[in-house]
Each structure stands twice: as structure tokens, then as C-alpha cells.
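Have a look at the structure below before the remarks.
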Amino acid sequence: LLKIGCRILCTAVEVWSEMELSKNLASLTLDSVMPISPAGDQKPIDDFDVVCAHDGEENDENITSGDGSVLPEDVEESMLNKNMRQALEIHERNTDENKHRIRDKQDRATVELALDLRTRMNIFKLIQRGFISAVHGCISTGKEANVYRASSKHGDVAVKVYRTSVMTFKDRDRYISSEYRYEFFLNLWAEKEYRNLKRIDNVDIACPTPLAQLENVVLMQFLGEKEKASPLLKDVNLSPIEWDYHYQEICMTLRGLFNKCKLVHADLSEYNIIFHNMQLFVIDVAQAVEHDDSYALEFLRRDCKQLNKFFSKRGVTVLTVKELFQFVTDPIVKEDEAYFKLAELLESRQNQNSLSDNDAAKEAMDEEVFKLVHIEQKLSEVLTFERDYESVQAGEQLDVFYPIVTGMKDDLTGAKVSVKSSSDSSEESVAGDEEAATSKEASSAAGCFGKGPSVSLNLRQRNESPNTKKARKKLVKLEQREKRQEKLSKYYKKRKQTLCKLAKRK
């Protein structure tokens, strides 16, 4: 479209200049240009009015000798005035400047498969803005990005550069050649990783702290000491006790990502975990998806499978994929009780190691079925709930897995009760009886929607009269007015969040 527009503009200017030229030629004659007498009877130079800003004598000589103002013999009527000549010169100059730039392979030339011209300009912009002062050697290379070590006034930082021109992708040129959307997609991919790192860092889960992002370049915390990067989990040699501890740590991290950050890593393995300061740091979160994504549960099962496979090779007693998946997605277990729940699952798993061959084969088959089956994320997606409920009540064993995610009981009779620890149960036994009595009263008043004081009791009755309707609306307005008095303004909420962030940084 740009080429076509430029061609149309040039054609229009040429037509306009030709029209103006024809008009000027129609009004010009040889006598009007220079009043020259017939040959042999020339008038003296003094009889002409020569108006010029230059040397008059030199101009008189040029006119007499025929240089300058005398028209050529082969042109009868061709003369452009000063304005037309200037207009054509300006047009010619603008046309040369606005020519379409022809791109060649030099514009896409890269260094180390990642640093092309545009990427280097982005790094120079980060240097000018003061984020970094110099870029050093390459830390790691992957199929889609390279990571470099850079220095700043606060210490070393990591620079992750997504590849734009050269990638180890088979037949990639057929899909992205001459495609602007792919470059835009890379920038969006880098921005997604930056935002996901921000979200993970805000809930105190171990990950590199993000610092800045510019197009396909992401700046983050450098994990290492003395200019040497920390190793990946696959390159670490630990004792069996340490492997057991870090397996529990990564299980808690997986649960924190799902419940606190509302994310699923989608590619969590020993290649995307860094061992730094005796702690496991999660990296490469660009492909992480939301927990309610249509493929989220499938990705989560794959992450559980990869982690169990790696740690089992290190001699760790791991949970089954179903048990780990249930622990990660269980909405009933509270955060302060999650570690104790995980310890109980691991202890029960150690007691089940001595299984017979038939039981082991059956468990392995159930494991493979669980990896492939579709799991509904919401009860609204379950189309056969009534049939499943009747089958379970009849004593049949059904392979239904949506109760794991939705927090329902195995017999589908209702929601699970939150598990209390032994220390809390003795202290809250008396309070529990009192709360049970009050909850019964509230449920009888609110019907099937009873949730205690959170539900309004001024419900609309069937066939109510106009007077009762006015009274009910008046009571509803009074309730809403009381809620507005206790409501906290947005200014104080944002102020509280800002103070919490400042306290974390300190």
C-alpha cells in the first residue's frame, strides 16, 4: 500500500507540473523574453531595462553574447519561471528522500543467533537509561532465547534476549518470512514473561526478580556468585536427605503457583529450575498459563509427571501423579496446613511401597488413565452429574476426577470440610459447637442460600403486596447504607498495597 501511494503521489505531481508548464508556455513569446532586434539592426544595451541582483556589466555581456537569457535555437517556446523551478527542485529532493527502503539480508544479520541490529539497539537504549552499564558473556542458550550477564550500578543482572531472526525451528522460514506479526508476537512473549515473573515475585515464590522489559529483551536478577551463574537442577549432586527436602520444596512451589499466582508453569522440569543458595528458583515462565485456561490442568499433570520422573531417578519416594495433582489443586487445604498435608501424603506413600505385583500393576494402569482423561474445571461443565451421583450412591466405582478440582466429596454429597490440625482442634472444639448452633439458625432463615450474615434476609416473597414491597426495599437500602459506612475507600486500599510492597523491598 505504501508503494502504491508513493507512485500515485509522484504521478499526480508530474501531471500538475506539466499543466503549469503548458500554461506558462502559452503566455510566453520570444519577444517578451528578450526584445532582440532583427539581425544587423540591434539596439544598444542601454535601451533595455536589465533588472538583476548580480553584477550588471557581466549580465550585459552575457545578454549581448547570447549566453544566459538567449533561448536555444532548437527550442521555440520553453521557459520556466523561478517559482516553478523551485517547486520542481523541492519535489525531486523529497522524492529521493522518500523512496521505499529496500531491505536485504544485512538487516537481519545476527551475532550468536540472537543479537540482530534491532536487538542491539534495544540493549543500547537500556544502557542509555541506566539499567545496565555493559554486557558480558553468554550464560545459557536455548531454542528460543539467549541469556547474557550484564553489569549495573547495583551488581550483575541477567539479560534475556528472545531470538528474532535465527531459531532452531525446523521449516521456520515458511511460517514467519515477511511476517510482522511474528515480531510483535515475540515482544508480547517477552512482556508475558516479565508480567508472570512480577506476579510470582509478589507472592514470595523463589524466582529471578524482574527489572525491566523492552520489546524482546527482558532484564532480571542474576542468579550466581563471582560472575558465575548458578547451575540448573539437572547438574546438581546432593545427598538423599537433601533431595527429599527439595522435592517437598518444589511441591510447595507448584501449589503456590496454582493457588497464589493462579498460574500453571506448563514446562516445569529440571531444565527450568535453578539451584541457587540451597534453594530452587523457577525460571522460563513465558509459556505459563492461567489456572482457568482450557489446557491448564493438562499442563499441570505434565509438570507433575516430569517432576516425579526426575526425583524418582534420584532415589526420592515420590507421590503418584494423581496424589500430587490433588495436593496442588485441593481448594480445601489451607496454606499454613499444606506442608503438614504433604508430609502425611509422603509418609503414607512410604508405607505403601511394599505392594504386590497385581496391586502395583493396577496402580500403574490407574496412573496412565489419569494422565489422559479429561477433567472438568467447574461443575457447570459437568453434563452427567445426576447420573454420576446415582451411580456412586448405588455403590458403583466411577472414574470421575472433577471432585479433585472442585473440592467435592468422593461420594458427591457435598463439599469437603476443611482439615484442621490436631493442635487447633482442641482449642476450637468449644467454639465449633457454638458456631454450629448459630449456623443452623442462619440456614433456616436464609433457606438453601444460607451463608450466615453474608446473605441478606430481606428476600422477595412470592405474591407480595405493594406495601410490603416498599417496606422491603426500605430495609434493603438501610442495609446497603450500613455497608457503605464500613467500606474502605480505594485510596486507603492502594496506600496499603504500596506500603506492603515497600516493606517487602526493605
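Don't overthink the numbers, they just go from 1 along the chain as shown.
Each residue, glycine too, has its Cβ placed from N, Cα and C.
Remember, TrEMBL labels are computer predictions, not curated facts.
Taken from TrEMBL as is:
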{"type": "ACT_SITE", "residues": "Asp284", "note": "active site, 4-aspartylphosphate intermediate"}
{"type": "BINDING", "residues": "Lys160, Leu223", "note": "ATP binding site"}
{"type": "BINDING", "residues": "Asn272, Asp284", "note": "Mg(2+) binding site"}
{"type": "COMPBIAS", "residues": "425-436", "note": "compositional bias 'Acidic residues'"}
{"type": "COMPBIAS", "residues": "455-468", "note": "compositional bias 'Polar residues'"}
{"type": "COMPBIAS", "residues": "476-489", "note": "compositional bias 'Basic and acidic residues'"}
{"type": "DOMAIN", "residues": "104-330", "note": "domain 'RIO kinase'"}
{"type": "REGION", "residues": "419-492", "note": "region 'Disordered'"}
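If you draw a 10 Å sphere around the CB of Leu223 (ATP binding site), it holds 22 other CB atoms from the protein chains shown. A gap of 13 Å separates the Cα atoms of Asn272 (Mg(2+) binding site) and Leu223 (ATP binding site).
Sequence-distant neighbours of Asp284 (active site, 4-aspartylphosphate intermediate) (same chain, 6+ residues apart, CB-CB distance under 8 A): Gly142, Glu193, Asp267, Asn272. Sequence-distant contacts of Lys160 (ATP binding site), defined as residues of its own chain at least six apart whose C-beta falls under 8 angstroms from its C-beta, comprise Ala145, Asn146, Val147, Ala190, Glu193, Val217, Val218, Leu219, Met220.
In this structure, Lys160 (ATP binding site) is part of a beta strand by DSSP. Looking at the domain 'RIO kinase' (104-330) alone, the prediction's average pLDDT is 87. Reduced to three states, the DSSP call for Asn272 (Mg(2+) binding site) is helix. Asn272 (Mg(2+) binding site): 20 other CB atoms within 10 A of its CB, across all protein chains.
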